[in-house]
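J.: Next up is a structure, given as structure tokens.
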Amino acid sequence: MRINGAESLSSSSKSEADDMIETENESLRERVCDLEKKVLEQGDEIVCLRSTLADVLRRLNQLEGSRTLSLNTSALKNGNTPRAGNHYGGNGHHLISPTLSQKEVTLRYRSANEHPASALRDPVRRVPSHNNSHSSLPQRRAVHYQSTGSLHSDSPSSSSVSPVPPASPSPSPTRPGTAQKPQRLSGTNLYNSKRWSSTGDFNQAQNFSVAPQPSTLASRLGTKSLLNLNLRSQPQQNHNHHYHQKHGTRDATYNEEEGSVRMFLRGRPINLYAPTAEIATYDITKVATAPSSKLKLDWVYGYRGKDCRSNLYLLPTGEMVYFVASVAVLYNVQEQSQRHYLGHTDDIKCLTIHPNKLLVATGQTAGHDNHEGKPHIRVWNSVSLATVVVLGLGEFERSISCLSFSKADGGSLLCAIDEGNDHNISVWDWQKNEKGHKITETKCSMDTVVAAEFHPLERNQIVTCGKGHISFWTLDAGGTLYKRNGIFETTRDRPKYVTCLAFTQNGDVLSGDSNGSVVIWGRGTNNILKVARNVHEGSVFSICVLKEGSIITGGGKDGKLIQFDTSMHPTGYEAQIAEHLGGIRTVSEGRGSQLLVGSTRNCILIGSLSMGFSPAVLGHTDELWALCPHPTLAQFLTAGFDRIVQLWDSLSRSVVWSKDIAEQAQSAAFSIDGRIIIVGCVSGKWIVMNSETREIYSTHIDGNEPIQVAKFSPDGQLLALGSRDNYIYIYQVSDGARNYTRLGRCTGHSSFITHLDWSKDNEHLRSNSGDYELLYWKVKVCRQVTHSTQLRDTVWASNSCVLTFSSIGIWPEGADGTDVNACERSNGSKLMATGDDFGKVKLYSYPVKQPKSLCHVYGGHSSHVTNVTFLHDDSRLISIGGKDTSVLQWEII
């Protein structure tokens, strides 16, 4: 259970205010998205001009070189020596040696999409130069860091380590494929621009595409920026910008002489070296099969109460139904069992129960998929989990925020509110034909709508409420909706928000508002009968009318539950949930005298006013990134931007403990014996704490940017920390992993560290960065191993790096570098799991060394999957979502 004091009342009030205006910001976000797009387009034009300049410089170099080579022209024509004029062709390819046959050259570089027979008919020139110095790479900081090497070369490429020989025709002070970046200037925004002070930035870029590359600014927006989400939903608009840019494994080739596979991310070539034993037998055209093992969703941790209402009900089966991410969860607390409806493809935003208590309707927001990802409603059977009908594909603008079945006629109609700019209200005859029939649709309100309910006693009567209004609708026989707005007696009584609705047993309408008042509206009218003022401090977020007639109200700020009789007189019974669990989001009737309470901090509580409440479901409330499994127990740890660290038990499916560390967490790791936990924070701090007592032993600081990854060496004697400041910090571990002494830092990456792996002998590290580098390190001296072929046969203790020879196949054919967020090899080295930007968890056979590797794909997350991990015995897989704040536990079968 969480500790008290996790959040003050003032912060709860702030969260409540943010929640109330969240939907209003949608139009602002769209405008920001448009501005980002314009900035991107301007950046593209600038990069296009730079690429033109680079082409001019290349041509000048060729003209100067042709003077010294012109004396050999006659000899070249006779075929005695290579033609100097073709040393670099017009397309930037190197010369094919005349001593090699055409067949030998063709087989040496074989495309992943090319059959060996067709390769003989279409020879491939040797070693094209694809060092796109100007290409857009996701840089965290525009600060100049010298590097000692690159994954594109098997030799040192930094001028500070290995100077370019005088004979080189195109000396460059930067690593191939990585342009120099300026120092950050405090107090200005000049660091946002790229310094093009040398022709060396262009000398290696001989294969310019016609289309401009994305600007550096676009790469700094991050994978979940408004612009990127817009581009993914409208890929055709940006098609021309990326038509010629090479992505993923589509253009992958294999060099049999070097034993290396070359793939591309954002046009940048990446060379990955095969182990010596596989060089002769490796076939890049082979398709790897999917594993025989599969995943089955075992448990879903979390609940979405932070920004959704009326989404917690008790079914006749004894199960609570609620949702988180794109999963509708049916949870039986007594039997400790869950079932899951997985029909949705993105965030579920609302839920309602049919009067027969058998059918459930859920509505989702727009997703990634062009068809199924569109906002729509799904009506499904809560017993069989079978989909009954899908409504409104292509009919809704943004997402469905409210749903309600009609009650007076037995549930033949369904009302829905679209969160688009006009907040349209629509009524559906959901049983008519296989796609349902929309009876009518009209504009509901200029402002946000937070609730919509059919009247339980009046046929064709609907009540909606939201910002500054409550409206009473009538659906006539011709299918037309007529609206009457609620009349507030005085300006003082008009609230900023009408936040919730309910109906008394005699048909009066109850509304709660942001003034803390409960208003009773006469049945069939839009006039106020009675006002109970100051019922709660802050907004009334939920009203529940019990079967016996009494009324329960829930406060979003004060966290109180107060009981009233049928005339809205207090009965004297009230309760308050613990402050750290949040405010009351929704209240519904449970078994007997029990109440089900959903909180604003994504918790579900069960109890009564007389006996108190205890949490049945705990969850995170902000973006999740940190995930690590216990080395010997069936437990795992999660942490995120909500500053909460939680240890979970996968067998009991519950929280072992929670702790507020007062820092946003980015990464975590268990020590080898499982007694110590390292939590890397966004601020550059990292915390050493006891995994059983939660005692914090010490706090350290390395830089002022997030600690992206933390990993202990296999023997537990060393700790590696990868930071967003481009450095890897190495520490000596002592005193049972309680004391740490810094040995040094590894410098050489030109972008932030994303993933780390230790070698089994504890001697080496390999690391990936934000600009798609794979670098190797001699740990004890904190020095880069610049000849990556030296470590091609190294045995690695893990495979968390997404760019390795054994994980080539996890990249889609058209991957742009940000698609795959995390990968992990199973402890038995038979499986590999990945989490991507599209909410998918994928399972591969390990090693995933073929560019064309088949896999099993699983949905459930509605946001980017930030991390995945196998438990110590490979019995289960854990995945965590970013914005959906969910933790999914998968059984491996």
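First residue shown is number 1, and so on along the chain.
Heads up, the Cβ atoms here are built off N, Cα and C, so glycines get one too.
Please treat TrEMBL annotations as automatic predictions, because they have not gone through curation.
As annotated in TrEMBL:
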REGION    1-23  region 'Disordered'
REGION    74-96  region 'Disordered'
COMPBIAS  74-83  compositional bias 'Polar residues'
REGION    115-198  region 'Disordered'
COMPBIAS  129-138  compositional bias 'Polar residues'
COMPBIAS  153-162  compositional bias 'Low complexity'
COMPBIAS  163-174  compositional bias 'Pro residues'
COMPBIAS  175-198  compositional bias 'Polar residues'
DOMAIN    337-607  domain 'EML-like first beta-propeller'
REPEAT    617-649  repeat 'WD'
DOMAIN    624-892  domain 'EML-like second beta-propeller'
REPEAT    746-780  repeat 'WD'
REPEAT    858-893  repeat 'WD'
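What does the local environment look like for each feature on the list?
T.: Beyond the repeat 'WD' (617-649), the same-chain residues lying 6 or more positions past its ends with a Cβ under 8 Å from any Cβ of the stretch are 1-2, 6, 301-303, 306, 322, 324, 331, 582, 601-604, 655-674, 677, 679-680, 682, 689, 691, 866-873, 875-876, 878, 880-883, 885-887.
Across the domain 'EML-like second beta-propeller' (624-892), the model assigns an average pLDDT of 95.
Mapped onto DSSP helix, strand and coil, the repeat 'WD' (858-893) counts 0 helix, 19 strand, 17 coil.
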J.: With DSSP as the reference, give the number of residues of the repeat 'WD' (617-649) in helix, strand and coil.
T.: 0 helix, 19 strand, 14 coil
